[in-house]
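As given in Swiss-Prot:
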| type | residues | note |
| --- | --- | --- |
| BINDING | 10, 134 | Mg(2+) 2 binding site |
| BINDING | 10, 48, 70 | Mg(2+) 1 binding site |
| COMPBIAS | 126-138 | compositional bias 'Basic and acidic residues' |
| DOMAIN | 1-142 | domain 'RNase H type-1' |
| REGION | 126-177 | region 'Disordered' |
């Protein structure tokens with residue numbers, strides 16, 4: 001039987017494009033792990049995607065996942081649009097490259113490793129975990145906001161095409177999933 005994990009994700013951006021951050025909460029068997037990261041120049045949609053990708057990639061083995069996002073972009077993309085994009089060689093219906101295509105491909109790969117049920121939650125509506133994921137996203141963005149930018153060492157890029165977050169933090173990690 002695969003491990004059952006609950007994930008809550010959010011992305012944030014100051015300006016669009018501008019400095020941005022993402023946050024994720026992973027909950028398994030009474031243990032909570034919080035992740036966050038950010039980029040100096042990005043969009044809110046990229047941060048929403050990176051939150052989901054980073055959370056799913058943090059799982060060490062295939063799991064049954066309930067993933068909660070407040071992003072209609074991520075929900076529609078993963079549940080509706082992605083099938084056509086893949087069929088069309090990662091092109092839209094009008095033959096243009098999919099925006100954030102490298103991130104969609106990374107999310108597709110991460111999604112296929114697990115049994116994921118995707119859930120949409122209304123953002124900024126008092127949903128406790130979504131509010132915390134938003135706080136984590138803002139924390140991830142903070143080092144890149146004007147006046148507080150401190151260059152961080154880049155994490156090694158496992159996929160040269162995939163833009164990895166420059167800074168990633170994990171908190172309250174007592175067990176690897």
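A Cβ is built for glycine as well, from the same backbone N, Cα and C atoms used for every other residue.
DSSP labels the residues of the compositional bias 'Basic and acidic residues' (126-138) in these numbers: 11 helix, 0 strand, 2 coil. Around residue 134 (Mg(2+) 2 binding site), a 10 Å sphere centred on its CB holds 21 further CB atoms from the protein chains shown. Residues belonging to the domain 'RNase H type-1' (1-142) score a mean pLDDT of 97 in the model. Considering other CB atoms within 10 Å as the measure, the emptiest surroundings among the binding-site residues 48, 70 are those of 70. Annotation note: residue 70 (Mg(2+) 1 binding site) sits in a coil segment as assigned by DSSP. Sequence-ordered, the extra residues of this chain that approach the Mg(2+) 1 site, with Cβ no more than 8 Å from the Cβ center of 10, 48, 70, are 9, 11, 12, 47, 51, 69, 71, 74, 123, 130, 133, 134, 137.
In this structure, residue 48 (Mg(2+) 1 binding site) is part of a helix by DSSP.
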